[in-house]
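Heads up: the structure comes next, in structure tokens.
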Amino acid sequence: MAKHLFTSESVSEGHPDKIADQISDAVLDAILEQDPKARVACETYVKTGMVLVGGEITTSAWVDIEEITRKTVREIGYVHSDMGFDANSCAVLSAIGKQSPDINQGVDRTDPLEQGAGDQGLMFGYATNETEVLMPAPVTYAHRLVQRQAEVRKNGTLPWLRPDAKSQVTFQYDDGKIVGIDAVVLSTQHSEDISLKDLQEAVMEEIIKPVLPTEWLSAGTKYHINPTGRFVIGGPMGDCGLTGRKIIVDTYGGMARHGGGAFSGKDPSKVDRSAAYAARYVAKNIVAAGLADRCEIQVSYAIGVAEPTSIMVETFGTEKIPTEQLTLLVREFFDLRPYGLIQMMDLLQPIYRETAAYGHFGREHFPWEATDKAALLRDAAGLK
């Protein structure tokens, strides 16, 4: 492979689509705290002065959706109408129904191991050894830029920052290896009382320099900081937001394929979410075991059926053992039936609000990021 560029983007927790994701997952967490067996499909729409929460929820729990919504928006940082959105005064509308009994009968089983998939679909998981968290570098550093933006906004270092922001990083590769960063884009919402020059200098010093490794930066690296010149109107006032609209930001930044299903607001019986997490877990353990430098897993399901309809392992020519053997190891060491993967990763717990900003993968404290199967895989493969 010759020299090439690859770009990934991220968005902050204050981006309208991410506000929606976080509200959906905050509702999910509140329900799972009381009722781990709940069926939740919670969608959120945000626009100036309004939040609409809808979907299908079947549960014995009672949660205050309005209060959860306001608390989530408040924690993100929208607390004044000057920002274009105010947690304290926005309207919160709810349109919640129950899960269809036709779906329910295919998912629930007397024997939990026979729990069927909540829908048909295909999911992908990916890992690469180009970063310490076994994630692609472009999306990893795009996330870290907007995480840093939120950090210096909330701790008062740059008090004129506002919650909405986007980042984009272009990496240069030579023969599949990173040789540098070609371009960095960071657009951040701000208050009226900061000049573009002061903003650009502060963002460079307080956000970009602390995050990006100096060995990848050069005199040729291009920086675009608030390139439109002004970003005062942002958040839901600038754009409406919707749950599930940032599926590439949520996953691998375009470096791996995507089955199309979004994550936020869905309980773990929805394989769109849980099987994508499981596929990441499998791929990461294969790479951590040294069985491949890059690994992509595809898994697919039929609604109401427990066993996956297919499992595929792709290693892009980096495998250390035959891919047929890798596929056999995946089937031996990972239970990818819906109930099996829920148990394997302990998914029936309220951990989802935190996943809804800055990427679902590459943050080590989530259970699907564990590499506890790596040694077993390596031994079984016969590698020393």
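Using N, Cα and C of the backbone, Cβ positions are placed for all residues, glycine too.
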(Q) Checking feature assignment: region 'Flexible loop' per Swiss-Prot, candidates 99-109, 220-230, 264-274. Which range matches? (A) 99-109
Q.
Are there any residues at least 6 positions away along the chain from Arg230 (ATP binding site) with a Cβ closer than 8 Å to its Cβ? List them or say none.
A. Leu196
Q) Lys246 (ATP binding site): which of the binding-site residues Asp17, Glu43, Glu56, Lys270 have a C-alpha within 10 angstroms of it? A) Asp17
**Q.** Those binding-site residues, out of Asp17, Glu43, Glu56, that come within 10 angstroms of Asp239 (ATP binding site) at the Cα
**A.** Asp17
Q | In the chain carrying Lys266 (ATP binding site), residues 6 or more apart in sequence that have Cβ under 8 angstroms from it | A | Leu28, Val40, Ala41, Cys42, Asp272, Arg273
**Q.** pLDDT averaged over every residue in the region 'Flexible loop' (99-109)
**A.** 60
(Q) Over all pairs within His15, Asp164, Ala165, Lys166, Arg230, Phe231, Asp239, Arg245, Lys246, Ala262, Lys266, the annotated ATP binders, what is the largest Cα to Cα distance, rounded to whole Å? (A) 36
